[in-house]
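Undergrad: I grabbed these lines from Swiss-Prot:
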BINDING   218, 247, 276, 312, 332, 333, 334, 373, 374, 375, 376, 412, 439  substrate binding site
BINDING   416, 480  Zn(2+) binding site
BINDING   560, 563, 568  [4Fe-4S] cluster binding site
């Protein structure tokens, strides 16, 4: 296990500052004037005579040059006043104390430093509304809902026309998102706003079929790698490149302390798989897990501010034999843990049996469910089998139970699925899970490319996002091979941002095409700097261009090294356009008529005889 250094020595330079060619801008609320919703604005060259392009921005204060970043104090808890003003929560008088097992019994130099800055810990007051779902059902528009509405509109005006030429497969995407529309979607369970009342640093966002497709990035330590510094750095790095949520999947020691540092410095929702930490508390012996340990872990993480829990309550005892003839069996870590527990005790999954108790704990802090697909296929050969869909149907049943308790729900999905089987996954989820948001890992469309699974999965992610999946969990090049580093995180995030945007474009999401059109015009007009800055990864685009044309003068040239100055199709197209524009209005028709007359004079023969 790594030696844990003091945070000031270990943290290094957290990536901060604006992205190239961009600036941080904010839009205030109308119902709640104090809210400030962030965007990334990219200005284009004055010759374009175009307004700046507004891009969705989950990077938080780290890209605001005026923000004071202090990792040891955490981000400003700007959402906390909204929670207090509602008057529906109370301070926890005696918060749960940190126990040795919370950090895997790490001691001395191996124990990660605690996050020591003090903060209040809240819990829902008895008989009061607590969750965004409960507020929505009561007809109350919260500050979080207006925040989401502003964010989704990307600063478009309500009466501004938009292009809607996609296929949305029955979704109900509006031309303009209002706070009332957000409320309605949350009330129906078609969207969630994952926002624990103890995550005051959060910038609210929505996950739902009728909103922009979101992406999640996974970080977390393991039994052999990573420190607090590594994980905070990966958090900031992932959000800088566009991660909308981050899951802390830590499985080694120091899980509690590392998670505290992550949440206190996170502007995006944080998700976890509580069974991982519960397993550490019983020394890694799945058979020793029990409700008391798991319940304690839920409360611990809820008080810290985790926004959504992956709970594998659908891995039921009767379903386990259905996996026996699979090529890759049970590949979900959480699913395999619960399957082992069920078989060892020959009992029903205690997460399933105690599900209503879990709901009551999560409701008290407004923690959302991410109902885990513990029986997801781990190979294309196993896709869409009875084990997978039996669990999915159970998750649909549990969704109704969670809604009854006022808890927000999304459903996790596969996995490894060949392209021709992807649509069936979306159809089955909509049918059995009552339109609760779908959250999928890819899916990977082929199993032949270790080291390139970010690509094999992005193919499936773009497709299932188009069909209706609300959030895509990224896959990095290290999938199946090792723990990703920061370069892998960047690659995974950017790959999935383009998959999500491709899905938005295909769905006909209003505003999606504006970004593409802006960069297309820049490309046609040889505005190289605009091309770089409007891209998902300006640094890489600029570096690739400069490998062969490094001089500054080349950034105004009307060609690149692919075609050179004589064969550039866009340059030739511009010349054709200019030539056509200079011709008399009837000259083209006149020329065509002359050629037609000549054709008839020659006997209207397609092939002329030669002497």
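Glycine residues also receive a Cβ, built from the backbone N, Cα and C atoms like all the rest.
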Undergrad: Check the binding-site residues 334, 374 for other C-beta atoms within 10 angstroms of each C-beta and report the one with the most.
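TA: Result for the most crowded candidate: 374.
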Undergrad: How big is the gap, in Å, between the Cα of residue 374 (substrate binding site) and that of residue 480 (Zn(2+) binding site), rounded to a whole number?
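TA: Cα-Cα, rounded: 17 Å.
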Undergrad: Round to a whole number and give the Cα-to-Cα distance in Å for the pair residue 416 (Zn(2+) binding site) and residue 439 (substrate binding site).
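TA: Cα to Cα, residue 416 (Zn(2+) binding site) and residue 439 (substrate binding site) are separated by 14 Å.
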Undergrad: Please work out which residue of 376, 480 has the most C-beta neighbours within 10 angstroms of its C-beta, and give that one of the binding-site residues.
TA: 376
Undergrad: Indicate whether residue 276 (substrate binding site) is helix, strand or coil by DSSP.
TA: helix
Undergrad: At a 10 Å cut-off from the C-beta of residue 276 (substrate binding site), count the other C-beta atoms across all protein chains.
TA: 20
Undergrad: Please find which two of 218, 247, 276, 312, 332, 333, 334, 373, 374, 375, 376, 412, 439 have the most distant C-alpha atoms, given that the record lists them as binding substrate, and give only that distance in angstrom, rounded to a whole number.
TA: 20
Undergrad: Using a Cβ cut-off under 8 Å and a sequence separation of 6 or more, which residues in the same chain sit near residue 439 (substrate binding site)?
TA: 207, 216, 370, 410, 411, 412, 413, 469, 470, 471, 472, 473
Undergrad: What is the total of other Cβ atoms whose distance to the Cβ of residue 218 (substrate binding site) is within 10 Å?
TA: 23
Undergrad: According to DSSP, folded down to helix, strand and coil, what is residue 439 (substrate binding site)?
TA: strand
Undergrad: Which whole-number value in Å describes the distance between the Cα atoms of residue 376 (substrate binding site) and residue 480 (Zn(2+) binding site)?
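TA: Cα of residue 376 (substrate binding site) to Cα of residue 480 (Zn(2+) binding site) measures 15 Å after rounding.
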Undergrad: Look at each of the binding-site residues, 332, 416, and point out the one with the fewest other Cβ atoms around it within 10 Å.
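TA: Across 332, 416, these binding-site residues, the one with fewest Cβ atoms within 10 Å is 332.
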Undergrad: C-alpha of residue 218 (substrate binding site) to C-alpha of residue 480 (Zn(2+) binding site): distance in Å?
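TA: That separation, Cα to Cα, works out to 14 Å.
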Undergrad: Under a three-state reading of DSSP, tell me whether residue 218 (substrate binding site) is helix, strand or coil.
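TA: Reduced to three states, the DSSP call for residue 218 (substrate binding site) is strand.
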Undergrad: Among 276, 332, 334, these being the binding-site residues, pick the one whose CA is nearest to that of residue 480 (Zn(2+) binding site).
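TA: The answer is 332.
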